[in-house]
Amino acid sequence: MDRIRIVGGNELNGIIPISGAKNAALPLMIASLLTSDTLTLENVPHLADVELLMRILGNHGVDVAVNGRRERQEDSYSRTIHFTCRTIVDTTASYELVSKMRASFWVIGPLLAREGHCRVSLPGGCAIGTRPVDLFIEGLTALGATMEIDAGYINAKAPNGGLIGARYTFPKVSVGATHVVMMAATLARGTTVIGNAAREPEVVDLANCLNAMGAKISGAGTATITIEGVTSLSGARHRVLPDRIETGTYAMAVAMAGGDVVLENTDVALLDTALETLRRAGADISATNNGMRVKRNGAGIKPVDIVTDPFPGFPTDLQAQFMALMTRSSGISHVTETIFENRFMHVQELARLGARITLSGQTAKIEGVQRLRGAPVMATDLRASVSLVIAGLAAEGETTVSRVYHLDRGFERLEEKLTRCGAVVERISE
């Protein structure tokens, strides 16, 4: 099993190209099930989750064609992939594959909309809380579907003639459920209005792609999304938006290690709240023509309190990384997690490096320390794993992170990008 070895104490200086967003690419890939034409996606990151979803889509009848091999050029990290689903050959999404990645459960929306029925395993993925599927079930039921849970599977059936447009308001914001109901509603009869919809940029990206395919969606990026159903969707060509979580992660890495790094192929508008929080912590961040510049030269790290919230609030997917940064602050900070109920699994691993963190319910109190010391640590989930890498960049001596398959699910060639900026980071294969 691979490990990541980090020797701390080196500033980061250089250029890091940001990959396409995993959280946008996955629903965009699943949208290929809605049409018999070819959907071409540019800027698709090379990640374990993307590879797994390609296998899952292939089982449903999607032909996947990748444009050549991944180029080893400085600015070439992501790929162009063509998805063609002439006929859906299997409406069952098996436990064997779906249990490995929660987002693969989202095929339930397009399969139900296009075929009128499907059998989809309950999901797996990161071990963060319970992450129930109730919101998905309620949203699709509002469109007229009947949903039955049997032996770990959901048997879904649309009414005769297909799904029916409706008004539905989510009791709580859910990005995944917004994706699924929006995709399903594109082929429903009549108009669907989704209330309390997720406002994340990835939702907007999916809506833009669906509109390019012939859907009629308005309001994406607000709390109310309106979808006028159409009889069919066509193919399209769409570029996956930059990964705001990867952007924020590397910005926090620079704030932690110090240095001066340009993040290319990204957009400051994608994460205003997180970047403003980083500025308060002492980072110097400015927009460039094709991204942003992040600097922290000499100044210490200031303590800042955060509360995670749905977009445009502070992203839960950057919570662990920010906590790692706060371990080196000059005072006491607090991190409150409101999205997931069990997203502090990285705390005990950061403590192995010398961090002082105490938990009280959904709030972590972090007392900044003058130094961290390298040690063997273990990744517990995707975002927690990269927080350990960030901490290792500033720790004295050597830090080794095991179970890095979590990293490979969401960060494209992380060790290569950091090494190019002066970090001592290497992958050790065993």
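Each Cβ is built from the backbone N, Cα and C atoms, and glycine gets one as well.
Feature annotation from Swiss-Prot assigns active site, proton donor to Cys126; the stated evidence is sequence analysis.
Here Swiss-Prot flags Lys22, Asn23 as phosphoenolpyruvate binding site. Asn23 (phosphoenolpyruvate binding site) counts 24 other C-beta atoms within 10 Å of its own C-beta, drawing on all protein chains shown.
Look at Pro132 (UDP-N-acetyl-alpha-D-glucosamine binding site): DSSP puts it in coil. The annotation UDP-N-acetyl-alpha-D-glucosamine binding site is assigned in Swiss-Prot to Arg102, Arg131, Pro132, Val133, Asp134, Leu135, Lys172, Val173, Ser174, Val175, Asp317, Ile339.
As annotated by Swiss-Prot, 2-(S-cysteinyl)pyruvic acid O-phosphothioketal applies to Cys126, with the evidence given as sequence analysis.
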Quiz item: Looking at the binding-site residues Lys22, Arg102, Lys172, which sits with the largest number of other Cβ atoms within 10 Å of its Cβ?
Solution: Lys22
Exercise. Calculate the distance in Å between the alpha carbons (Cα) of Arg102 (UDP-N-acetyl-alpha-D-glucosamine binding site) and Asn23 (phosphoenolpyruvate binding site), and round it to a whole number.
Key: 12
Exercise. Please compare the binding-site residues Asp134, Asp317 by how many other CB atoms fall within 10 Å of each one's CB, and tell me which has the fewest.
Key: Asp134
Quiz item: Which has the fewest other CB atoms in a 10 Å radius around its CB: Pro132, Ser174, the listed binding-site residues?
Solution: Pro132
